[in-house]
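Undergrad: One structure follows; several queries about it will come next.
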Amino acid sequence: MIQAPGPATSDGSVSGTAARSDAGLEASGESFGASASAGADLAALDAEALRQLDAALERLLELDAAARADALAAQPAALQPALRQLLAAAEHLQPERTAAPLQLLQALAQAPEAPDLQTQATADTAVQQVGEWRLLAELGRGGMGSVHLGERRSHGFVQQAAVKRLHAGIDSREFLRRFERERRILAELSHPGIARLIDGGEDADGRPYLVMERVEGEPIDRYCDSARLDIGARVALCLQVLDALAHAHRSGVLHRDIKPSNLLVDASGRPHLLDFGIAKPLQGAADEQATATALRLLTPQYASPEQLLGQPMGVAADLYQMGLLLYLLLSGCQAQQPTDPSPAALQRAVCEQLPLPPSQHFAEGDDLQRRAEARSASPKALRRRLRGDLDRIVLMCLRKESPARYADADSLAEDLRRWQRGLPVRARSPSLAYRLRRLLARHPLESAVLGLLAAVLLLFALQQREQALALAAERDHAAAQALRAERVKAMLLQLLAQADPERSGVADLSVREVLARGLEPLEAELAADPPLGFDLRLTVADAQLSLGLPDEAWAEIERAGAVLAEGARSLEQRQLWWLLAGRARYELGDYAQARTLLEQAVAGSEAHDSDASRTLQWEARKALGWVELADGRIERADALFSALLAEIEAQTVPTSRPQPGLPPATPSSSQPDSELALAGILNSLGSARRAAGQLDSATGLLQRSNALYARLLPAGHPERIHVINNLAVLYRSRGDEAAAEALYRQVLDDSRETRGTLHPGTATIMNNLARLLKSQGRLEEALALLHEALKIRSERLGERHPLVAMTHSDIGWVQHDRSELAAAEQHYRLALDLYPAGHAWRAATVFNLGRVFEARGQLEHAEQHYREALQDQQRQYGAEHERVGIDHLHLGIVLRKQGRLQDAALELDHAARVFAAALPATHDRFAQLWIAQADLAESAGRSAEARALLERALAHRQHRLGPDDGRTQAVRARLRP
């Protein structure tokens, strides 16, 4: 529907109109249309006045006729004459004469007289009937046409619509041709998301007109903000826009003017794509040049590079504008922001400068808070929501070269749908080569200087190499070692200090990409100097492990291993290789090989008892403890960590470092007897105690570790992230879900900021938080996090990693609670296929598969799976572990369902004894047990006992979870008469 013009929207346009008088008509002009005196008026202005003029003109061009007149009157008197002439020029600009924004003022000086807008208004308002349509009110007016509210009465029906007409006196073939083309395009489009053509023809004076559907709504950006739509709802709205745009493209139509004021959202929440006034057929569109109008050139927020450069345009131009729209709706900021109002600055902003990711385009202060609140989020949560896939999707739309964007609207829509479902998106961050091309294009002079500097540095490095070789020949082996270490540092350590969050506390993805290929230019030199190559490769591998790149690290370690095999290396160097190789195999989930390698590193110091060797042995023992813990050998892990803690407390750990140039395996290894080392071992031992179900001991150890790290390290440091995650796991084990969730969310934000969204450690926190949310019945939130974790783990660790199997199992767990049993079983079986034989985590998945059989009523199969899980977990954890109690609990439930009440009672009694020994009295496991015992009592005909048990469970949950928790309400519902 057409509404009276409303206030200006965020892009400066008038809200509430489905077909504005200045929309779709301004693209056709026979002449430029300004008076010949305009050039003289402009010449009288100084540089500052010209900047003011440019900014004022941009604002005025987006206003309707009435608002424009008021705004013009408010401008400085010295600017008003030039502004009037520029407005007329812009409205009558012929696009084919405007190849670039810098030509606008030049063309203005030679322009003929402009039409008299007042005369046009008088002529138009005199006409009250156009075809069958009676004109009720003028809704908007521009230099070339007007839009009226029209009404048609026929056969007792009354219909209102928007009537769009050319001004009287405009008889240029170009105007008429474009107007006819708009009518033809609209006639061919039939989609609920596109304002449709109702009628058209010529009036009594021979002037063409269009009658369009009346759309009642407001521009999409204002609608989203006023409704406080969150990011998910905004993406869903854009998917509807893309559906309409894809229809236009399939119909052979390129829109070329996608912006908020051309997208009205009605009361039902459906967006309508309007204004095909400058649309063109796709066929032949790639052969046309310079089709943007002066108005388009002066509204930079929605210009594409093709439009400004006068290049051929295709579907990619519309997708670029969709990227600009997405950027605005998601972040509340404009992607393209020239540094000043000059045409040259505009062209740089649109054609050269890469926009910030939407998640990073946030200024501090009230505006940030306002934009976050409009998206129903906090500033931190909004950044987190946008970071990652949405950043990549939007930036792919905004690539400067059109072939680098999405192929079509459907491809963009599919990526947004994949984001909705938590699946991997196809958009990827710009490659290093792409960013370098853009850098060279933006800074040709600086790039030449950098190239010269690189050549000088290379020459210097070669000279240093020759000097080092000469010195090495004159000195002993130890001096040569030290020199080689200095060369390693000079070549790479500064780079690694930026890339390695373990050293800097900051994740830099661009440096990660450099690391992945950083040794390629040095291969010839490394081949000529194998000892240098050995040190350098292990340095790079150590950083790659910290960055969550175990595959890349293992490749460098293998290359270093070839050097190790070819020539004699010191014992410390061999120990270092075993240590890093063991860490890499651990990260890749190969616990057996990791154990073998680390045991070799531990044994090394027995043959050569130096301080450096014993320091490496200490690190290897700690790493071996984590391997044992991950492989379910909790007692062995506890023994290793306990021995290390005793050594630290007795101060028997050597204080010397490995040989110069050999990097430490972890931050704490540089001072293994320091408080950092103590904090690390407290964290390790606390994690082992928690896994063993010794929750009180684990609490003391982890809290001590966290307090030490908080004093020694900055917030967001990877070691602090590690211990806080472990504390959250502990609090959940103790039943303190509120404290656990708060810590998970804190540490997830920190991990994303410091290590990056795609770090495997970030995925671990997501997985842990999802488990907590699942237990609270927040299934959609849990599933979204699990899919994101699965994507990260699969990409970074490989499809067959045990952590990938774990996430598949957890996805099945959530789907089971959603009653999607077939999907749950599929994920469980996939997890069982991925786990290595005998893996410690298989038993939990076997148990979960038993729950599927129980839900289907296949009770014998369920019992079989529960007994298998019970046997494996008793062997792994001992008889009094919480997991063993859970196995007894569910085995008792399924036995009751089979009518074997006595056997069921025995299993529930076992569960009660385990929970009493392993868990605090406030844990929700006791409520689960009492509910199962109530069901057993009810089956045995003991109704009073059953009710008493349910009342006990209700009181427990009301106290611990609150009356509104879904689990509390479920028990209350059972007690109702």
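Each Cβ is built from the backbone N, Cα and C atoms, and glycine gets one as well.
Annotations per TrEMBL:
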REGION    1-22  region 'Disordered'
DOMAIN    133-417  domain 'Protein kinase'
BINDING   Lys164  ATP binding site
REGION    652-674  region 'Disordered'
REPEAT    763-796  repeat 'TPR'
REPEAT    843-876  repeat 'TPR'
Undergrad: Mean pLDDT for the repeat 'TPR' (763-796), rounded to an integer?
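TA: Within the repeat 'TPR' (763-796), the model's average pLDDT equals 92.
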Undergrad: If you run through the repeat 'TPR' (843-876) with DSSP, how many residues end up as helix, strand and coil?
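TA: For that range the per-state counts are 31 helix, 0 strand, 3 coil.
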Undergrad: Within the repeat 'TPR' (763-796), count helix residues (DSSP H, G, I), strand residues (E, B) and coil residues, in that order.
TA: 31 helix, 0 strand, 3 coil
Undergrad: Taking the Cβ of Lys164 (ATP binding site) as centre, how many other Cβ atoms lie within 10 Å?
TA: 32
